[in-house]
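Written below as structure tokens is the structure these notes are about.
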Amino acid sequence: MDQLKRQAAARALEEVRDGMQLGLGTGSTAKHFVELLGERVAAGLKVIGVPTSEATRADAERCGVKLTTLDEVDHLDITVDGADEIDPELNLIKGGGGALLREKIVAAASDRMIVIADDSKWVPTLGKFPLPVEVIPFGLGATRRAIEKAFADCGVSGQMAVRKAKDGHVFVTDGGHWIVDAQLGRIADPASLAKALSAIPGVVEHGLFIGLASSAVLAGGEGIRVIERRKP
Ligand SMILES: O=C[C@H](O)[C@H](O)[C@H](O)COP(=O)(O)O
């Protein structure tokens, strides 16, 4: 599996050109991309990156990739990031590692978002992977009720749980927020659900990435597939 992730990362790296400003994703697949990018930088490639998490910042620094912020550059050429699920419209569930907020800000500031994954992430319909919803701890009871109403309005339901870290304490995101994971099973209309969740005051962001990915690089036993998003 790890080999497939690295192959997908290597294929995305072929899109990177000298002088590009890059968004650097988070997770085990994106980590391969940062490592391979570091090898190219050591060989003379000149790029600058914006990391989507403190973990990726540390990886990029370790690999010698020069970093910047979205305050210092006005756009990014390409963001390369992993995903937890990818559907045929290239809508995504992201946030399994808790980095969805910065990932979405960075992806939205990019001309192109390339999603890299092993092909187990490819699904006909999103929802089997629990949907992460990043929330403000204040007023969480009210926010949870509003989320449940949004689910009902969009024809989905399922158990919600505040994410815990490995040490048993509540998981806290890089932005200081909490995450509620929702086991929805099947999200028939992810665009409507995304809109409904975004309208809730206590929701900072959610893991549905709608219309952001330009292409997906999927590595499987039979090789690599590159899928471009159909123009609306
Ligand atoms: O918050 C984490 C990110 O959205 C990751 O990109 C996603 O969870 C996929 O991670 P991995 O490549 O480790 O499966």
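Here the Cβ of each residue, glycine as well, is placed from N, Cα and C on the backbone.
TrEMBL annotates Thr26, Gly27, Ser28, Thr29, Asp81, Gly82, Ala83, Asp84, Lys94, Gly95, Gly96, Gly97 as substrate-binding residues; of Lys46, Lys66, Lys121, the candidate listed for that same site is Lys121.
Between the farthest pair of Cα atoms in the substrate binding residues (Thr26, Gly27, Ser28, Thr29, Asp81, Gly82, Ala83, Asp84, Lys94, Gly95, Gly96, Gly97, Lys121), the distance is 15 Å. Counting every protein chain shown, the Cβ of Gly96 (substrate binding site) has 21 other Cβ atoms within 10 Å. Per-site Cβ counts within 10 Å over the binding-site residues Lys94, Lys121 peak at Lys94.
Distance noted between the C-alpha atoms of Asp81 (substrate binding site) and Glu103 (active site, proton acceptor) is 8 Å. Of the binding-site residues Thr26, Ser28, Thr26 has the largest number of other Cβ atoms within 10 Å of its own Cβ.
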